[in-house]
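Q: Look at TrEMBL and you will find 12-36, 56-75, 87-105, 125-144 tagged as transmembrane segment.
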Amino acid sequence: MGKASLNYVKRNVFSGILVGIGFAAFIDEVVFHQLLQWHHFYDGSTTKIGIISDGFFHAFSWFATIGGLFLFADLRRRNALKFKKWHGSFWLGTGGFQLYDGLIQHKLMDLHQIRYVDTLWIYDTIWNGLALLMIGAGIVLLQISKKKQGRHSYE
């Protein structure tokens with residue numbers, strides 16, 4: 001594999017991960033922060049500060065998504081998109097962000113919890129379990145793309 005070709009493989013992976021991170025953050029923000037209003041990005045202060053922190057979190061999700069989509073468009077333009085590799089990377093980014101959120105932001109940094117209830121462990125288990133499933137799906141798709149690498153540009 002040439003240097004340019006390896007660069008495009010890395011771009012497929014990076015683009016998919018960025019869009020996956022942005023997608024997971026966007027869904028988290030819209031569903032759990034805005035619609036259900038279970039928590040804010042930072043719950044350690046006033047509601048106003050929580051809403052401001054949500055705004056920064058929402059902006060981050062869009063920067064990641066848009067940056068990843070620009071890379072995606074460039075890969076398509078250059079006919080270098082390997083969709084299975086990109087798709088696997090997307091799920092890796094989505095699940096990776098969710099697991100980071102569930103373990104680091106919820107538990108280690110204590111920025112917020114999924115929901116403030118007595119049975120929090122149920123929410124944590126489902127949240128982190130789904131993250132692991134998404135990471136697993138991403139790894140499987142990446143392995144499949146490795147086996148079929150080079151056959152078609154849409155793989």
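Indices start at 1 and increase along the chain as displayed.
Any Cβ shown, glycine's included, is placed from N, Cα and C.
Nobody curates TrEMBL annotations by hand; they come from automatic prediction.
So where do these features actually land, and what's packed around them?
A: Within its own chain, the transmembrane segment (56-75) has Cβ neighbours under 8 Å at 8, 11-12, 14-23, 25-26, 29, 33, 41, 81, 86, counting only residues six or more beyond its boundaries.
Note on the transmembrane segment (87-105): residues 12-21, 23-25, 28, 111-112, 114, 124, 127-128, 130-145 of its chain, located 6 or more positions outside it, place their CB under 8 angstroms from a CB of the stretch.
Packing against the transmembrane segment (125-144) from elsewhere in the chain are residues 13, 20, 84-85, 87-96, 98-99, 101-103, 106, 114: each is 6 or more residues past its ends and has a CB under 8 Å from a CB in it.
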Q: Excluding the flanking five residues on each side, which residues at least 6 beyond the ends of the transmembrane segment (12-36) place their CB within less than 8 Å of a CB in that stretch?
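A: For the transmembrane segment (12-36), the list is 54, 57-58, 60-69, 71-72, 75, 80-82, 85-98, 101, 114, 138, 142.
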